[in-house]
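TrEMBL has this to say about the protein:
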TRANSMEM  15-38  transmembrane segment
TRANSMEM  50-70  transmembrane segment
TRANSMEM  91-114  transmembrane segment
TRANSMEM  151-171  transmembrane segment
TRANSMEM  183-204  transmembrane segment
TRANSMEM  231-254  transmembrane segment
REGION    262-295  region 'Disordered'
COMPBIAS  270-282  compositional bias 'Acidic residues'
COMPBIAS  283-295  compositional bias 'Basic and acidic residues'
Amino acid sequence: MRQHCALKHGIFKEFLAEFLGTFVLVLFGCGSVAQTVLSRNTLGEPLTVHIGFSVGLMMASYVAGGVSGGHVNPAVSLAMVILGKLKIWKFPFYVIAQFLGAFAGAAAVFGLYYDAFMDFTSGILSVTGINATGHIFASYPARHLSVLGGFIDQVVGTGMLVLCILAIIDGGNIGAPKGVEPLAIGLIIMAIGVSMGLNCGYPLNPARDLGPRLFTAVAGWGMEVFSTADYWWWIPVAGPMVGGVVAAVIYYLLIELHHHRDEPEKPHEEEEEEEEDEEDEDSSLKDKYEMITMS
């Protein structure tokens, strides 16, 4: 009974950590986009958005890393399940916490900038048009991007994110100094943002994209957030999950599998050696005793 309560308490702590970490990520990330868009680029630009998401992920890792690992991304959690670093029964709890945290983060951004939204849009919240604001919360494709191109974009982008995260936390690799891992992980997002952001803004995270998208659907933007761009919404959900799995397999096969591991001595072999030593000592003592008695 006590063990069962401890187990429940443990997953509850991890649930709260993932929720709060994802909340921090979305608040800083989507908040940086909101400031840029609503100020009509006078108080922000693409670089500030990259900084917002990079620092947001870094802070999210610091907030949740010591409790849950700071995944804040279902694609990362799935990769950890594949590699045996996260128990599969915990996966649904992590994903639910991440989606709820992202939804709450989007709500916080909307509340924080509510007056600015009303001024910018004249009270008409839309996904397309000159005063569109839906892209503040979720990703939408550029005009040149096809469905296949978008899917590949998300597989590659998320794959690089997960691949680099695995390298940073790998004790058998160079890794990062203890406590510096979140900083290194934040720099991954910066690198992806400045190199792979043209097509659809590098969502790379099903929770970070779908959670805020659900919020916009109920907060006034309507179902247009799902139907726009030939129902684009599923691409930043499915693509990252595939990318996370592919990256986990690649890193394991090409890097982690080849780490040198010292095989520990088997306990039963040590016991056999100790028994042989004891037998040798007993036989030597017996011989000495016989020599003494004969003399």
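Just so you know, glycine gets a Cβ as well, placed from its N, Cα and C.
Looking at which of 15-38, 91-114, 151-171, 183-204 has the most CB pairs under 8 Å to the transmembrane segment (231-254), the answer is the stretch 151-171. A contact between the transmembrane segment (91-114) and the transmembrane segment (183-204) is absent, since fewer than 3 of their C-beta pairs, 6 or more residues apart, lie under 8 Å. Under 8 Å from some Cβ of the transmembrane segment (151-171) lie the Cβ atoms of residues 73, 75-76, 79, 83, 145, 181, 184-185, 188-189, 192, 196, 199-200, 202-205, 235-236, 238-240, 242-244, 246-248, 250-251, 255-256, all in the same chain and six or more residues away from its ends.
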